[in-house]
Amino acid sequence: MRAEVLQIRWHYDANDDHTPIYSVDFQKNSLNKFATCGGDSKIRIWQLITSESSTKVEYLSTLSRHTQAVNVVRFNPEGNILATAGDEGTIMLWVPTNTPITTLADDAEELALAKEYWKVKIVCRSMGSEIYDLCWSVDSNFLIAGAMDNSLRLYDAHTGQLLTQKFDHSHYVQGVCWDPLNQYIVSESSDRSICLYEIQEEKKNPKKFQLVLKSRICRIEYNVTKFELISVTKPLNNDESSGISEPIETSNNNESPVSKHEALSSTANIVKDGSLERTEPPNSLNSKISYSLYCNETLVSFFRRPAFSPDGLLLVTPAGRLRPHGQPNFEVPYTAYIYTRGSITKQPVACLNGFKKPVIAVRFSPIHYELNSFSNFSFTSVSFNLPYRMVFAVACQDAVYIYDTQTCKPFYRAVNLHYSNLTDIAWNDDGNVLLMTSIDGFCSVITFEPGELGVKSQHKISLPEKRSASPSSIDDSQDNTAGGPATTTLIPRKVESSKVSKKRIAPTPVYP
């Protein structure tokens, strides 16, 4: 493994100063071609050239139609369309062209150096609210977008038409992802929750479907003993803490600590990280305590980018906070939660701990590998039973950790590459290159030697067949604008999922 910062002029303003880079994505079916975007309202296309001793970047093109900062770039699964969106609230779909199309925002010098050209084919317009994240459907027919007006919007990628919108979050939607099995859509918000929508087909018209809110996950519930009830309901003295410790990293504490005057009582419902909510009186034998799963809006990050695994069996969500059960005075560490397909509507089955700063993004490698024979402990014996390994990267604000679905600890970690917070990560097609972007205006790259991550598995992952789409593919007659789940009863899609043999009471901590 080799990690290095690529020190070139990525994105810059009129004063020639570096501007933040907010997103990166590799083009599918290409030779390490990727796109970046940032605070200069530009999108740039690059070619990554790797060798045994160094990594070089070649400039290819600049896309200049946006008028404000661009927050996300995403290539479609085929790699022939690039979707971009940002603060102006408009999604633009770009396609390659043989002739340059100039605009007033184009730079003559960059245009002369360009080696390829792109043009806007489709424009998806919204109500003008800033868009933080995008994701394509597996068949490239649709796009979902999370926005600053607390909305999740779905567009037809062929026409740009807004098909449906959901307002089930109470704060900014900072991350979205589409299930590879085409059954679910997930959004994550700074309201400390994730929303899971099911794509349900109509019985009479299989080409027509709608999004139905199946679950909104924001807290985890524990059964407590009488002793535990006394410990967490004890009144606070002037010299006692609230039972919620500040993180060890006090130099960059992004969460507001609970005031010592906020005593925990039988009716307490403190909306803070690691907060407690009682569901029964203290003397009840059935008393339960629930804890918030995710960071609140004080987290200093524009993005919370979740990800499905390529086979659709796992979902990993960032921006988690874990409160160990029975330890009210324990510090609340940052974490990323893992959901299996069987638990996706309920609660996480495991969590990845040990991060000094919040997790902001997760990305799975497109390659799956043969199982290692030397692993002494694996997720397989705890939660999963997969005939292959999948590799995924977890990006914190200050570091990147690389895991696989077989081992319980990260096997690579990259730290101290940037002065400012990370914003996005992306894998290339062969899974040997991981790019990361930062607010400091630079990109860094982690390069793996062929075979370093393992032997590629010959096991085939079956995904739904692609289908043709039309502007009427989504039924928007049941749009939920009031914040509750749709009440229309539809016949759900039949998608095979793993059965849960027992109910999990709490996530299983996995410490690096």
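Cβ from N, Cα, C; glycine included.
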Quiz item: What residue among S462, S468, S477, S497 has an entry for phosphoserine in Swiss-Prot?
Solution: S468
Self-check item: phosphoserine per Swiss-Prot (candidates: S241, S245, S284, S473)
Solution: S473
Quiz prompt | Which candidate, of S309, S470, Swiss-Prot gives the annotation phosphoserine | solution = S470
Quiz prompt | the repeat 'WD 4' (168-207): DSSP-derived helix, strand, coil residue counts | solution = 0 helix, 21 strand, 19 coil
Quiz item: Can you give the mean pLDDT for the repeat 'WD 4' (168-207), rounded to a whole number?
Solution: 92
